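Asker: Sending over a structure as structure tokens; questions will come in a sec.
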Amino acid sequence: MATIAQLAADKPTWFDNPAISKRLWPATLETLYMTGLSSLITVALGLPLGLLLVATSARGVLANKAVNSVLGAIVNIGRSIPFIILMIALIPFTRLVMGSAIGWTSAVLPLAVAAIPFFARLVETSVLAVDPGKVEAATMMGATGRQVMFGVQVREALPGIVQGITVLVITIVGYSAIAGVLGGGGLGTLAYNYGYQRYQSDTMIATVVVIVLIVQVVQMLGDMFSRLVDHR
């Protein structure tokens, strides 16, 4: 009868482990796909929302306290809901829109919904940090509200917005791992199914290493692009 030690010795590890040799790369691609697609959707919707928050603020070009309060409340509510609860709550809607609540494609919707209010606040913070003197100078020179918003505020805030996108993508990478535990695919599913449920510590370590590498690359690219667009 084989002993526990013999069973442990016979258990494949690292690159002999099919979970790593055959499933790690596809899981990495799924994580990259869901992160990339949900990030694009978030930027496409969160950027205008953030700019609208700025425009309708007290010092904005479209100052409107009522609209700003409503938008601010929606953003705050969205940011306050923990992602795992939001993803579970959105399962019926995700199934209706995507046809399924399982897999990386289905995880894109809740990832984007969770990230949009977060990114909108990052955009708002970056734009509001622009020197008010530059805005006043442009206004005194006869610039229209649109010219002030895009020609001065957005232009000056661009490095901060790029850094905000960097933070956004890294946050979504973390969210994607949580989504994987709920059947969202990617590295989270791999780590949960094999690293946790089957006690494969090598698989768990491998997924963590890959996630760390993804985050490092994203941060490096974000810093590089931020410097490129910084004309201050």
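Here the Cβ of each residue, glycine as well, is placed from N, Cα and C on the backbone.
According to TrEMBL, the record shows the following:
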type	residues	note
DOMAIN	28-222	domain 'ABC transmembrane type-1'
TRANSMEM	32-54	transmembrane segment
TRANSMEM	66-91	transmembrane segment
TRANSMEM	97-120	transmembrane segment
TRANSMEM	165-192	transmembrane segment
TRANSMEM	204-222	transmembrane segment
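Tell me about the setting of these features in this model.
Answerer: Here the transmembrane segment (32-54) has Cβ contacts under 8 Å with residues 60, 67-68, 71-72, 75, 104-105, 107-108, 111-112, 115-124, 127-128, 149, 153-154, 161, 165, 168-169, 172-173, 176, 179, 184-186, 214 of the same chain, all six or more residues outside its ends.
Residues 49, 52-53, 56-58, 60, 101, 107, 109-110, 113-114, 116-118, 120-121, 175, 178-179, 181-182, 184 of the same chain, all 6+ positions outside the transmembrane segment (66-91), place their C-beta atoms under 8 angstroms from a C-beta of that stretch.
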